[in-house]
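Okay, structure first, notes after.
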Amino acid sequence: MTFYDDIYPFYTVQRTPFIFSSRLLTIILVFLVLAVSLLLILPGIRGKSRLFWTFRIVTSLFIGAVIVALNFTNDWAEARMTTKATYKSFSNAVVNAEIGLHVGLYGINVTLKGNPVVQFNETIDYNEMFTWHDTIEEYEEALEKGLPNPILYIAEKFTPSSPCGLIFQYRYSGRYASATLWTAFCCWMLANILFSMPVIRYAGYMVVATAAFIFFSMISFTTIMNVPQCVFYIGTDSFETEYSHSFWLALATGILCTLIGLLVVLLDFLVPEKMKEAFSVGVDGCEDEDDSYSEGYLNSFFLDGVTISPVNLKVTEEHL
């Protein structure tokens with residue numbers, strides 16, 4: 001075994017390629033359990049209200065799951081390219097591979113997949129995560145592992161010593177975007193609590209507030225596009241990041257919350273009684289108590305033996 005025969009015995013075994021985020025899987029499972037638990041009450045609801053409650057539960061849990069999941073997804077912005085590039089250091093071997101950069105609120109994922117996957121007797125399928133708070137340490141570990149050159153090149157762009165300064169742009173925008181998303185999640189929980197009270201209008205206001213904070217998170221993330229972009233050159237090709245699935249999903253969820261909130265507020269102004277009836281909060285306990293005391297039943301068996309004499313009535317009037 002020689003040093004330059006395209007075999008690298010000094011490299012550690014590569015990690016298993018990324019399949020699915022464990023955090024996202026946990027979020028999906030938690031909200032699925034909540035959905036199943038809440039949908040179990042539907043058989044006890046009669047009539048058309050069953051369809052309304054189904055729509056209400058599914059929509060509410062969808063919004064909550066999306067807000068939480070957006071904090072942990074890695075595709076707010078991404079870029080892909082297929083090119084020929086130098087595979088590893090100390091070698092002139094060139095591989096044909098698809099290179100991807102996926103940007104999240106807490107870090108980036110860099111992917112490298114060979115085309116074909118097996119080249120030089122090695123499976124080329126990498127997915128490496130670099131977080132904002134441990135970028136330097138993770139980059140040094142990547143150097144020690146001897147990861148492929150395209151991954152090291154992209155990761156180096158996000159180190160504090162890089163002249164591009166990408167880490168400062170993405171770290172602060174992601175931090176504020178995440179903070180506003182968690183605020184939107186709090187508004188979503190408060191809206192669900194208010195929907196169970198006879199204050200439907202304020203629940204609609206909180207749904208609109210949820211949408212507003214989702215839009216604020218998007219505005220915070222878009223600030224990275226207002227600064228000069230750093231172009232990535234790999235081989236003879238180059239690429240730049242663009243908005244991806246999570247960004248557009250946040251936009252769609254914000255629009256959905258806006259429509260639901262405005263519709264609830266409008267209907268509460270026009271038909272407040274029907275809205276309370278639809279959300280099962282229209283029954284007033286005080287009215288029920290008054291109705292229960294309005295009617296009474298007397299036992300004639302006890303009243304037959306009761307007589308009021310004129311003398312007693314006269315004494316009573318004198319005391320009055």
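Yeah, the Cβs are placed from backbone N, Cα and C, and that goes for glycine too.
Any TrEMBL annotation is an automated prediction that lacks curation.
Listed in TrEMBL:
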TRANSMEM  20-41  transmembrane segment
TRANSMEM  53-72  transmembrane segment
TRANSMEM  176-195  transmembrane segment
TRANSMEM  202-227  transmembrane segment
TRANSMEM  247-271  transmembrane segment
Worksheet entry | Winner by Cβ pairs under 8 Å against the transmembrane segment (20-41), considering only 53-72, 176-195, 202-227, 247-271 | 53-72
Fill in: Whether the transmembrane segment (247-271) meets the transmembrane segment (176-195): three or more C-beta pairs under 8 angstroms
no
Fill in: Contact set, same chain, for the transmembrane segment (53-72): CB under 8 Å, 6 or more residues outside the stretch
21, 23-24, 27-28, 31, 34-35, 38-39, 41-42, 45, 104-106, 178, 181-182, 184-185, 188-189, 192, 195, 210, 214, 217, 246, 249-250, 253, 256-257, 260
